[in-house]
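Visitor: Take this structure, written in structure tokens, and hold onto it; I'll ask about it next.
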Amino acid sequence: MTAKFTDYIVKDIGLAEFGRKEISLAETEMPGLMATREEYGPKQPLKGAKIAGSLHMTIQTAVLIETLVALGAEVRWVSCNIYSTQDHAAAAIAAAGIPVFAVKGETLKDYWDYTAKLFDWSDGGTPNMILDDGGDATMFVHQGLRAENGDTMFLDQHNSEEEEIFFALIKRILKEKPKGYFATLAKNIKGVSEETTTGVHRLYDMEKAGKLLFPAINVNDSVTKSKFDNLYGCRESLVDGIRRGTDVMLSGKVAMVAGFGDVGKGSAASLRQAGCRVMVSEVDPICALQAAMEGYQVVTMEDAAPIADIFVTATGNKDIITIEHMRAMKDRAIVCNIGHFDNEIQVATLKNMKWDNIKPQVDEITFPDGKRMILLSEGRLVNLGNAMGHPSFVMSASFTNQTLAQIELFQNQGKYEKKVYVLPKSLDEKVARLHLAKIGVKLTELRKDQADYIGVKVEGPFKADHYRY
């Protein structure tokens, strides 16, 4: 008799059937991943790969996980945000016998305890690959090894509640695990593929400092990720989160978007299409000019604070909305964030004020003068905390890139140095091509003489690496 599978932590395993039905629906909308299974499945290019995955545990991610497994990988998974898990998706993955540790609304302590579980495999071994979103799994290994090698002063110098919890975890592991635990992890991991802008910044910082422990592929800067997921995904999912959280009429409202990168562009478009009058703030003169040329009013947060009804941060930076800004806002202004981390809004400065939880991930905060503010997802990702994240189709492009990156790193161990790389343009174009038929797109084909005239191959790539799209 086979032992019952218990290597998981989910909210309710009884949600597995519901999750499986939604996974089936999502597969229809994820042609890139399904084509990848068909093309690579017989070759089993990930056989022997043991992937530690830290990425929002959604229905779409379930399709990614099962694609990796179909290509031969063993997988352990956690969510990279305490509010982004879809519990029925996690249940379906657990019911399929895949270790997953993710609960929507988990505590920060649980979050980091679950992250530690990524690296403790049931056979006593370790992962040899990381698939990351935001860089927390990668940071776990790097900071753990730093402390293991004797540099422990930083463990007592936390700047946030989350850092305090994370550093306490490292201290505990150093006491409980055999000496050399983190060194073994670092040695065994052959590479990481990173999903998002914030995590990529961390990787480049470590590379620049000469501290990157293994090769990395920057999936975020694949064109078929950043110009689609970040832009068109946010265009659909931002207003979904605000509406589900507040039921507010968006048409006619004044909305303020901080940041006009790809996520900010998608967010501003989302609000404009909902009928909002949209303002934008920027530090980059190029992005500011882009926003102005798109017809947005470009102002500072100080200008917008007393005027706007809705505030969205999308910068990847810290302290974008300060306590002073919040004090200047209208009564019951709606404040949310769509950047990866929760420090864009100074939520910590609000802890001593009166909090009234209206429903999950929706809080009304009352200031001493009686003014109230609606905060969504405690300043964490609003589209995943208050809604279901990006639609399946756009995530198919991102996750096809992730799958190809995992194959590239695992199949070519020793080829890459401890640096950050991007996937070649030929693969970027391949990912796009896999998604065309689903939406009825018919490509024009170059004749040989036309291709020769512009100096490309008939089958592509069609653009130089420096082309910006």
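Backbone N, Cα and C define each Cβ position, glycine as well.
According to Swiss-Prot, the substrate binding site annotation covers T58, D133, E195, K225, D229, on the basis of sequence analysis. The NAD(+) binding site annotation in Swiss-Prot covers 196-198, N230, 259-264, E282, N317, 338-340, N383.
Could you tell me the structural context for the features on the list?
Guide: When other Cβ atoms within 10 Å of the Cβ of K225 (substrate binding site) are tallied across all protein chains shown, the result is 28. DSSP assigns K225 (substrate binding site) to a helix.
The number of other CB atoms found within 10 A of the CB of H340 (NAD(+) binding site), across every protein chain shown, is 23. In this structure, H340 (NAD(+) binding site) belongs to neither helix nor strand by DSSP; it is coil.
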Visitor: Measuring Cα to Cα, how many angstrom lie between V263 (NAD(+) binding site) and D229 (substrate binding site)?
Guide: 9
Visitor: Kindly assign V263 (NAD(+) binding site) to one of the three DSSP-derived states: helix, strand or coil.
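Guide: It is helical.
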Visitor: Among the binding-site residues T58, T196, T198, which residue has its Cβ surrounded by the fewest other Cβ atoms within 10 Å?
Guide: T198
Visitor: Given the binding-site residues T58, D133, K225, D229, find the one whose Cα is closest in space to the Cα of T196 (NAD(+) binding site).
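Guide: The answer is D133.
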Visitor: Measuring C-alpha to C-alpha, could you say which of the binding-site residues G259, G261, E282, I338 are within 10 Å of D133 (substrate binding site)?
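Guide: Final answer: none.
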Visitor: For T198 (NAD(+) binding site), name the DSSP secondary structure in the helix/strand/coil scheme.
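Guide: Looking at the DSSP assignment, T198 (NAD(+) binding site) belongs to a helix.
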